[in-house]
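Visitor: Annotation comment: TrEMBL describes 188-206, 241-260, 294-313, 347-366, 374-395, 399-418, 426-445, 483-503, 592-625, 635-653, 697-716 as domain 'NF-X1-type'. Per TrEMBL, the feature coiled coil maps to 744-791.
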Amino acid sequence: ELSSQKKFDEIKKANQAAAKKLVEDQFSSSSEDDEEDAEVKQGKILAKTFTIYTSQTDGDASELERTRQYMNEAFQSGAMTCLICIASVKRNQAVWSCCGCFCIFHLVCIQKWAKDSLFLVSSPLTDDDFGKKDYPWPCPKCRFEYKRSETPSRYYCYCGKVENPTLDPWLVPHSCGQICEREFKPSCGHKCLLLCHPGPCPPCPKMVTTTCHCKKARPVPRRCSAKEWSCRLPCGRTLLCGQHACENSCHAGDCQPCPRVSKQRCICGRQTAERLCASPQWQCDQVCGKPLPCGNHTCEQVCHAGPCGDCPRSGKRSCPCEKSRFTLPCTEDVPTCGDSCDKVLECGIHKCSQRCHRGPCEICRQEVEKQCRCGKHTKRMPCHKPYLCETKCTKIRDCQKHQCRRKCCPGNCPPCDQVCGRTLGCRNHKCPSGCHRGSCNPCPETVDVKCNCGKTVIKVPCGRERTIKPPKCKQLCSRPPTCHHSTQEKHYCHFGRCPPCRQSCQKTLMCGHLCPVSCHDEALVKQTGLHQSAGPWEQPSEPAFIQTALPCPPCEVPIPVECLGQHEVSPLPCHSANPYSCKRLCGRLLDCQNHTCMKECHLVTKLNSSADGKKVGPECSQCEEECTKSRPSGCPHRCVLPCHPGDCPSCLQMLKIKCHCKLSVLYVECLKLTCADLKEKELLISCKNQCPKELPCGHRCKEICHSSSCPLNCSQKVKLRCLCKRLKKEIQCSKIQGQVSLECDALCKEMKRKASEIKEAEAKAAIEEEKRRQQAELEAFENRLKGRRKNKRRKDEVEVEQSSWQKYKNLIMLPMFGVAVVMVAW
């Protein structure tokens, strides 16, 4: 049971960890380390894409900001959104880019959009008109119109060179990696130098030589995208007034109208007024009034140029019904002809039955059988009145949802005038267009996704703000600190709670120091024992953490503190900076002035405020030892007093000492001996007997017991002999001076010679004897080799005849040896 429960717990923990990881991955595309790696990788790709362009501009990339923004959106997770399906555009999906707004859509979505758009446009047409006109379809975002033949059918890269570009992690998504080479807009003859990229091409970076607008300055090399420039000199071209020159600085296009004011006559020349030089012709409000050629009427035209013309009443004139023409003077009016008017009335069916008359005809008052517009009802009524029945049209309008509901509809039902009102894909807005068939247009709104402070903003299609990750803000967080500090640590703008404050606390402690540890106003404290489990089946819950302010820890500032016995000063933490025992011996000099206090470091009370801090106190130990002061030289006795200050009293005991010769024992007062000088000590220690010491020569010293070394001039007589012990003589010991024996005379030398001859003879005889022995051994060895002896176990015996010296040497040597011993002894 225990093992199965353990396995169950392990599996549960693994599942919880996997679920937690899944949630984290859903809300954040990657961790901070992955994001940093992605940013580094993105920077390398952008630099590679812009390399050729920046090489033409000497590293200037200021004109690439708009293109860089599109490329950043291509890299950013969730930034590229298809406005048709409101879904993210992934790297491995086929896409299509609008050439007007450069918005990116899924290829399948834009194909369906184009098909639906063409169907809606062509649905009201009749069968005869269908297919005769190439109706366009619009971009969902910018409404840029494309022909039916321009409907995308294949997936191309941004520059349109490569079909189905391969996915390369080191290139911009949906890019082929080749040079763009699209023509710049407006066209200048050059082509884009960037690698295949989304968005508009940057301005042309090529250098061209061009002059200013007024053509006065010398041609200078400039960027092709900014080749039109002004030299800032006065234009000087003649204005339309023909009198003044343009005073504006060098400019493009036509010169502005002359801004000067001058006196100008009107067209008729009657009035003069100050007017702008740019508009010299103007009309006054006076009627011309000049007499016409008829001489009866005047010109009724307002200020005009040229002749007034003939009188409008001259020549042939028609009657009001225009059936008869009369030639009359201009002073007479044209009479009516008396015939019927016969002008077509407003109804368009009947004619005016009145006689020729001036002014408009009356309304048609004939009664006719009229049919309503829808053709379902008829009624007899005046012709000038329209007849509309009350029947409502039941036809379905072009939206295929609502009925027409117009009264007496003739059949050409107008487009549906109701608002669509369907919820768009963004789930935030409703379709504002008129009721229509098919899918609604994408939501045109964009939503600003801001960081927490609102200074960093990215625009995303409406509906994507709930799933896109907020932008990273490089601004510092401006929230007020939640701890006691006046300012918080600098960190970037973020959502959620600010990170824990890591500044030092700096609160003033009770001791007066500042707290040096990190801020602990919002420390996470684990709470345990709050939840009691209902039974063994309930799983233990994770411990809860609450934020609370912890008290400042004890002050750790080192404070120099002297020990109780004033032996040392050690730095102790402020919270425990009290007098302490250093565990050394007290060491204060006791009253005996000889020993120190042997207690462990302790508090000493000063009996006198002016007393020395090193003096002994009542808490110190009392000396109970004997006096250990050094005695006078030679005194072996201890002081009879206990340990005391000052000198010890004189010693009165008797000393038992030996004399100089160490043979007698003497009793002398210790005081006399220690106070005596050298001579007196010599006499006190002497036993007055002969010195028993031996001199170097071996004789006894003749002096009385003394301490110094014995004299060397020995007066004892000694006997000396020669080396052969034959001569003998007595001499005083001090006069020998290293002489050991006497010199031998001629007789001694003769005896030595004879003894040497005997030794030589013995040596020769020994050599001969050794030769004979070796010869005998050689012969015996040769006989053994020849096989003369059959019994090999028996030893060969060689008889050697002894010489005369060997026979009689003992008899000769013994007497001579005896004589030599006697001579030596003598």
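Glycine residues also receive a Cβ, built from the backbone N, Cα and C atoms like all the rest.
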Visitor: Using DSSP, how many residues of the domain 'NF-X1-type' (426-445) fall into helix, strand and coil, respectively?
Guide: 0 helix, 2 strand, 18 coil
Visitor: Taking residues 6+ outside the domain 'NF-X1-type' (592-625), which of them lie with a CB under 8 Å of any CB in it?
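Guide: Counting only partners 6 or more residues beyond its ends, the domain 'NF-X1-type' (592-625) has Cβ contacts under 8 Å with 563-567, 579, 581-586, 642-645.
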Visitor: Which value does the mean pLDDT take for the domain 'NF-X1-type' (483-503) in this predicted structure?
Guide: 87
Visitor: Six or more residues out from either end of the domain 'NF-X1-type' (635-653), which same-chain residues have a Cβ under 8 Å from its Cβ atoms?
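Guide: 591-595, 623-629, 669-671, 674.
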